[in-house]
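S.K.: Quick one: this structure, given as structure tokens, is what I'll be asking you about.
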């Protein structure tokens, strides 16, 4: 069992901020764990930042299992959280249970489900089975078509009511935490005060119990990123510069240099081998 468990995350509420970051492969997960993140999250955002999809709706269970397995191999300390992709739990509770089990068997410590009140039965069943669940309300990318696109949530009484209802339903069903995405900070603060489980924000202000960002956004791997992101590096330019230099060296015959390859020390022996081999294959 890894050091950080759902129980540990619950105990951090109001005491220590929870740090969570996405990772989609072995090397990124290795670094995230070494950096000391509490939660390493295999998000369905991989559809967009890894596979170039316009949204998360086309991410499959097979993709999530594949990437979860890679991340789980790398992480020794942090809690490994895996997303339930669109279509993997909406049809029935039984279907959701089957797919959650696949992610746990791939090495996840917990699963995340978008939505709250509508999926309380599934959350309750999973928790009873021993599968920890994190909920997700506010802007739910898997439902962006219904929401009218990606926009900040919580500006109307109806939206605030829905967000609060979702969070409380998740709490009652046994979820150990809830993500609040792109929610007005006042509303995120209200939710944080109203539930006993930790709230983890993304674009929802400072009044939550923790924060999560996407790996590629933190590192500046794309030209554009969501407006709530703080870039901690601009690796796109650094990577582009490095690979451009490699291409230039290849074109100009500068790579490989003498230190990058090996030759026969005994040239006469190589001459003998060459003549022998060429006679045999002629």
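Cβ from N, Cα, C; glycine included.
Residues or ranges marked as active site, proton acceptor in Swiss-Prot: 181. Swiss-Prot lists 44, 83, 114 with the feature Mg(2+) binding site, giving sequence analysis as the kind of evidence. Taken from Swiss-Prot, the feature 3-methyl-2-oxobutanoate binding site covers 44, 45, 83, 112, and the record attributes it to sequence analysis.
Mind mapping these onto the model and telling me what they sit next to?
M.R.: Residue 181 (active site, proton acceptor) carries a strand DSSP state (E or B).
Residue 44 (Mg(2+) binding site) falls within neither a helix nor a strand when secondary structure is assigned with DSSP, and so counts as coil.
Sequence-distant neighbours of residue 83 (Mg(2+) binding site) (same chain, 6+ residues apart, CB-CB distance under 8 A): 41, 42, 43, 44, 45, 59, 64, 111, 112.
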S.K.: What does the structure give for the C-alpha distance between residue 181 (active site, proton acceptor) and residue 114 (Mg(2+) binding site)? Integer Å is fine.
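M.R.: With the alpha carbons as reference points, the distance is 10 Å.
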S.K.: Work out the three-state DSSP category of residue 114 (Mg(2+) binding site).
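M.R.: Residue 114 (Mg(2+) binding site) sits in coil per DSSP, no helix or strand.
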S.K.: Within 10 Å of the Cβ of residue 44 (Mg(2+) binding site), how many other Cβ atoms can you find? Include all protein chains, please.
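M.R.: Taking all protein chains shown, residue 44 (Mg(2+) binding site) has 27 Cβ neighbours within 10 Å.
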